[in-house]
Amino acid sequence: MSRSQRVDSWIYLRLLVFTLLMSSSAFAAQRYPAFGVVLKIPSPRTIVVSCAEIPHFMDAMEMTFAVADPGEIAALRQGMLIDFTLVADAGAPVAEHIRVHRYVDPNAEPLAVQRMEMLGKVLAPNDSKDLLAAGQAVPDFALTDQYGQPVKLSDFAGKTVAITFLYTRCPFANYCFRLSNNFGRIERRFADRMGKDLVLLSVTFDPQTDSPAVLKKYAATWKENTGGWYFLTGPVPEIRRVCHMFGMSVWSDEGMLAHSLHTAVIGHDGKLIANLDGNEFTAEQLGDLIQNVMDSGRASR
């Protein structure tokens with residue numbers, strides 16, 4: 001056998017081995033725990049997810065998955081945070097064992113969380129009736145921005161609106177500041193659409209301290225203000241009403257405010273798309289969701 005024949009045989013053998021390994025019968029599927037935000041549900045067996053990074057396997061990215069069990073997709077909707085198992089083999093990626101993600105504050109003591117939940121039910125037993133579900137129209141509200149100007153939700157009819165909550169004295173960088181910083185990154189990502197297609201509302205739940213002047217100073221942390229991002233305060237009853245709409249829970253705790261974390265996205269039709277609980281999603285995942293909401297709103301007009 002000549003040298004060239006031996007080389008050709010070696011190449012053929014390597015190709016044969018590779019083909020066998022990648023074939024569905026020989027390639028062992030790999031499974032990875034995954035976390036993401038549901039962006040779209042194109043069909044009863046397909047979902048599009050903004051996935052968090054999976055170390056040593058893939059970067060954070062937007063992916064389309066076939067769903068192993070169609071029954072699991074029935075309970076999903078756009079904007080949900082989900083945990084699932086990503087199945088990687090020679091074919092298209094598959095999502096199995098899909099579960100709605102439940103946020104648990106890793107810094108909170110379990111007994112303290114239970115105490116806060118019980119206290120909330122005692123202090124505000126009827127607040128749940130005000131809680132908005134996805135698909136419901138968001139009632140109008142009137143607050144005051146960081147420049148002392150009146151702002152109503154209805155001012156932004158026809159636009160995508162994202163809302164989060166804060167208080168400027170919050171001592172934890174991973175809580176209010178993180179959610180505000182998410183908005184800072186959203187503002188930069190969609191700089192050309194801010195105010196035209198997208199509006200960001202950061203609502204304080206500490207209006208007795210967070211005056212327009214205080215909020216203006218806080219807002220200066222994000223210097224690349226392109227317009228369309230409002231830091232809002234107002235009368236206590238109106239602030240409380242807005243907080244209740246989105247499931248915000250706030251308690252006085254040793255001179256500070258203990259609170260839940262929520263980020264909501266409202267579509268151009270004024271209906272609630274999603275209410276993201278906690279702080280485990282990234283600014284990129286939130287941005288991917290907002291991108292899809294804006295684009296679907298534009299397509300439907």
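Heads up, the Cβ atoms here are built off N, Cα and C, so glycines get one too.
Quick look at what TrEMBL lists:
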type     : residues               : note
SIGNAL   : 1-28                   : signal peptide
DOMAIN   : 132-295                : domain 'Thioredoxin'
DISULFID : CYS170-CYS176          : disulfide bond
BINDING  : CYS170, CYS176, HIS259 : Cu cation binding site
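Counting neighbouring Cβ atoms within 10 Å of each of the disulfide-bonded residues (CYS170, CYS176), the lowest count belongs to CYS170.
Its Cβ placed at the centre, HIS259 (Cu cation binding site) has 21 other Cβ atoms within 10 Å.
Reported as a whole number, the C-alpha separation between CYS176 (disulfide bond) and HIS259 (Cu cation binding site) equals 10 Å. Between CYS170 (disulfide bond) and HIS259 (Cu cation binding site), the C-alpha separation comes to 10 Å.
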